[in-house]
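Copied from TrEMBL, the annotated features are:
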type     : residues               : note
BINDING  : N109, H114, E119       : oxalate binding site
BINDING  : H112, H114, E119, H160 : Mn(2+) binding site
DISULFID : C32-C49                : disulfide bond
DOMAIN   : 63-214                 : domain 'Cupin type-1'
SIGNAL   : 1-22                   : signal peptide
Amino acid sequence: MKGVGFLVAFVLLALASKLASASDPSPLQDFCVAVNDAKDGVFVNGKLCKDPKLAVPEDFFLQGLNIPGNTSNPVGSMVTPANVQQIPGLNTLGISLVRIDYAPYGGLNPPHTHPRATEILVVVEGTLYVGFVTSNPENRLFTKVLYPGDVFVFPVGLIHFQFNIGHTNAVAFAGLSSQNPGVITIANAVFGSDPAINPDVLAKAFQLDKNIVKQLQSQFWWDNN
């Protein structure tokens, strides 16, 4: 029985370790300001880290999120990030922020996923139709119309979107549970991959004529390259 108890304890510990590694690792020190040059790195914790004694306030600072993003593009939206690439002091802290601007009626943050983060979004201006889709086999759609002050959560890894249904500009801010959440825009990834996915694969997957697939690929490949 002692052997069985030990085995159960070992399995539970292994499962707990796996769950603990499913998000950004906890920091091992107060902060770990990221540096790109190995010769400047002293500690290693996710990325090479600046010696804490050399850290400065600017490592934890970013300005400009009050400036509207340029929505003059095919989807009518612009995402302005504040992650570890812009704020090196975010390294290992497991959090980041984005500002999202949407053009009047039709501004879209297209269906996408964040492979490493849950997102919590708050609307500051305008009216947004938002939603996410659960994983297979249900593929259940959760949607809501949001107004200023409203908050909505997009669970980690699930496809989600925001669409401006108002007749004025819309603005939202979103917090993400990773210093570098990543983003996969579905249409761009599928039709704009480099090199391109075999059109026969996409034609069968989407039940489309092969020529339509090629047309979509030519459009998205051009946009992405």
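Heads up, the Cβ atoms here are built off N, Cα and C, so glycines get one too.
In terms of C-alpha distance, the listed recorded positions C32, C49, H160 place H160 closest to H114 (oxalate binding site). H160 (Mn(2+) binding site) counts 22 other C-beta atoms within 10 Å of its own C-beta, drawing on all protein chains shown. Residues N109, H114, E119 make up the record's oxalate site, and a Cβ search at 8 Å around their centroid adds V98, H112, T113, A117, L121, F154, H160, A174, L176, P181, V183 from the same chain. For the domain 'Cupin type-1' (63-214), the model gives a mean pLDDT of 96. Comparing C-alpha positions, C32 (disulfide bond) sits nearest to E119 among the binding-site residues N109, H112, E119, H160. Note: the Mn(2+) site is recorded as H112, H114, E119, H160; in the same chain, T113, A117, F132, F154, L158, I159, P181, V183 also have Cβ atoms within 8 Å of that site's Cβ centroid. Highest Cβ count within 10 Å among the disulfide-bonded residues C32, C49: C32.
Residue with the densest Cβ environment among the binding-site residues H112, H114: H114, by other Cβ atoms within 10 Å. Comparing the binding-site residues N109, E119 on other C-beta atoms within 10 angstroms of each C-beta gives the minimum for E119.
C49 (disulfide bond) has E119 as its nearest neighbour among the binding-site residues N109, E119, H160, going by CA to CA distance. Across the structure, E119 (oxalate binding site) and H112 (Mn(2+) binding site) are spaced 12 Å apart at their Cα atoms.
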